[in-house]
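Report on one structure; see the data block that follows.
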Ligand code: 5CA
Ligand code: ZN
């Protein structure tokens with residue numbers, strides 16, 4: 001599928017430091033070590049409703065990784081999927097009486113516009129589940145030959161424990177896995193399974209649901225094999241970072257890594273990065289709960305997308321936090337101050353700002369620290385902290401480029 005248009009990324013006077021990021025599987029900060037081109041997979045949307053602030057926080061969060069790598073001199077091969085056929089999408093389409101294909105296309109298009117407005121760098125490969133069915137079929141056949149697949153009625157299941165490393169990413173007790181599996185699209189109660197945690201990889205055709213022909217009969221792909229097959233096709237084995245929100249740690253990332261590892265024998269990804277959950281009205285913002293703030297609704301009420309982005313950047317990507325309108329209005333005020341300072345041209349010395357911001361971003365994408373560094377430069381430049389410092393004639397130009405390249409804020 002088509003992604004969205006890429007914004008320009010200005011070059012900086014110096015190359016940034018190498019990037020460390022928190023790895024869920026080890027619970028540690030790990031130095032990424034891309035061999036030339038960095039390879040990143042971020043799980044994409046299930047397009048049955050508009051992009052909300054929680055989605056935006058996750059995609060902006062990993063956009064900071066993309067940018068930190070580029071600032072460090074790497075090219076980045078970025079892949080993202082679109083779960084354009086799955087239970088929640090089909091259920092919503094039926095409920096509101098629209099064609100599921102039209103619903104998915106409409107919401108995917110809105111997502112592209114939201115991402116573009118927020119200056120999220122587009123993936124090099126933006127790939128739908130439907131268009132990837134041949135890849136999914138090939139991966140299931142490979143897993144079948146390796147003895148990791150069995151049949152229950154017309155459905156095919158993957159044995160979670162076929163991967164000896166099963167559990168190594170989420171590191172959860174079995175109780176917890178069972179609970180989350182049930183909550184997040186799994187079917188622990190299904191009769192005929194060998195292990196309640198086994199997940200479906202091919203769902204045989206049901207009346208009224210779309211289906212595609214395959215060597216296993218008509219049906220559609222399971223969710224985890226979709227990402228395993230797409231990541232493997234476009235990024236190969238042991239790519240640098242598999243990312244998504246923390247609600248994907250289990251079962252999604254555990255299972256898709258398992259599929260990939262059994263199929264190839266190699267590590268699926270080198271590390272697993274997860275963003276915190278954004279809440280609203282006291283609960284995780286989610287399509288199923290309906291407590292949503294849509295990016296498109298804010299844009300439609302003339303909110304500057306850069307203020308939305310700044311409001312997101314003020315929270316560390318790994319934290320769980322709650323969205324408030326007050327923080328958005330505060331971000332609008334802050335941007336006004338930053339723009340006035342940049343308009344002066346000369347300002348406080350920019351070189352230490354470049355060093356501190358790129359260092360913060362390379363240290364587990366510490367955007368709140370980077371934002372504070374910029375604020376200190378603005379304060380020094382306009383004299384809030386004493387006499388105005390306009391000793392660096394090139395300062396505004398350098399800081400403007402830095403804000404755009406590292407933080408995705410074009411001012
Ligand atoms: N299509 C699958 C991934 S393959 C999916 O989870 N789609 S989604 O539309 O439900 O979510 C898209 C991304 O947004 C996921 O990375 C998810 O973890 C993240 N996300 C969903 N809700 C929130 C939230 N409230 N806060 C932060 N991130 C969220
Ligand atoms: Zn995924």
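Cβ coordinates are placed from backbone N, Cα and C, and glycine is handled just like the others.
What TrEMBL says about a protein is an automatic prediction, not a curated fact.
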| query | TrEMBL records 43, 44, 45, 46, 58, 81, 82, 83, 223, 245, 246, 247 as L-cysteinyl-5'-AMP-binding residues. Which of 9, 19, 278 is assigned to the same site? | reply | 278
| message | motif ''ERGGDP' region' per TrEMBL: which of the ranges 171-176, 177-182, 183-188 is that? | response | 183-188
| Which range of 269-273, 279-283, 284-288, 289-293 is motif ''KMSKS' region', per TrEMBL | 284-288
| query | Excluding 43, 227, 252, which residues of the same chain place their Cβ within 8 Å of the centroid of the Cβ atoms of the recorded Zn(2+) site? | reply | 81, 223, 224, 226, 242, 244, 248, 253, 256
| field | Chain-internal residues, separated by at least six, CB under 8 A from residue 45 (L-cysteinyl-5'-AMP binding site) | value | 51, 55, 82, 83, 107, 108, 111
| Which listed residue (58, 246) has most other Cβ within 10 Å, given these are binding-site residues | 58
| request: For residue 278 (L-cysteinyl-5'-AMP binding site), identify the closest of the binding-site residues 43, 227, 252, judging by Cα separation. | output: 43
| field | Neighbourhood of residue 227 (Zn(2+) binding site) by C-beta distance under 8 A, where only residues 6 or more apart in the same chain count | value | 41, 43, 81, 252, 256
| query | What are the non-local neighbours of residue 223 (L-cysteinyl-5'-AMP binding site), defined as same-chain residues 6+ apart in sequence with CB under 8 A from its CB? | reply | 83, 86, 185, 252
| Cβ under 6 Å from ligand 2: which of the binding-site residues 43, 58, 82 qualify? | 43
